[in-house]
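Copied over from Swiss-Prot:
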SITE      ASN9  site 'Discriminates between blocked and unblocked aminoacyl-tRNA'
BINDING   TYR14, TYR65, ASN67, ASN113  tRNA binding site
ACT_SITE  HIS19  active site, proton acceptor
SITE      ASP92  site 'Stabilizes the basic form of H active site to accept a proton'
Amino acid sequence: MIFVIGLGNPGKEYQYTRHNIGFIVIEKIANQYNLSFSTKKKFNCEIVESSVEKQKLIFIKPTTYMNLSGKSVISVKTYYNICSEKIFVIHDDIDLETGRIKFKTGGGNGGHNGLKSIDRVIGNNYNRIRIGVGRPQNNQDVADYVLNNFPRSEYEIVIQSIDKITNNFDLILENKLEEFKNKIG
């Protein structure tokens, strides 16, 4: 079983913000497999459950807002008895330049409130797909920065990153994590 969490905030006003890149990517991956999300209130998320290439697959988008993402993650993890090594969190990262992608297992949260919330309930030994959104300029507040939409000048770079993850997602299903890391990095 593979459990993939796209981090973001619910609501149209956040749909295309830097902080919602996790939602954007997970939706694109789900579309690739012709899968649709449905709301599960007991898990505080939108969820997709399916089998792809003989692999049970669960995608979620927490509906709790970023700072409480762990609430959804622990609910689904517990219900399906998923081990942390099979969890993949897709999220924005201000410490990476816009469009840069990094894959890692375990580690710190880099000040990311969604990851902090997840770490509190399941620890930090899970996989992360980090997507760079760049750092704010001119002393702009980080929270304001990540809650802004990507500027048009960054669209092409962001789309290429989303496509790179989506086009190589099958490698995760095949448990070829090192190859996935090399292809997206």
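From the backbone N, Cα and C atoms, a Cβ is placed for every residue, glycine too.
Projection of Swiss-Prot feature records onto the structure.
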residue : record                                                               : Cβ contacts under 8 Å, 6 or more apart
ASN9    : site 'Discriminates between blocked and unblocked aminoacyl-tRNA'    : THR17, HIS19, ASN20, TYR65, MET66, LEU147
TYR14   : tRNA binding site                                                    : GLY8, ASN20, LEU147
ASN67   : tRNA binding site                                                    : ASN113, GLY114, LYS116, SER117
ASP92   : site 'Stabilizes the basic form of H active site to accept a proton' : LEU7, ARG18, HIS19, ASN20, ILE21, GLY22, HIS112, ARG130, ILE131, GLY132, VAL133, VAL146
Residues TYR14, TYR65, ASN67, ASN113 [recorded tRNA binders]: greatest CA to CA distance in Å: 16
Those recorded positions listed as HIS19, TYR65, ASN113, and which of them has the most Cβ atoms within 10 Å of its own Cβ: HIS19
DSSP-derived class (H/G/I helix, E/B strand, else coil) of ASP92 (site 'Stabilizes the basic form of H active site to accept a proton'): strand
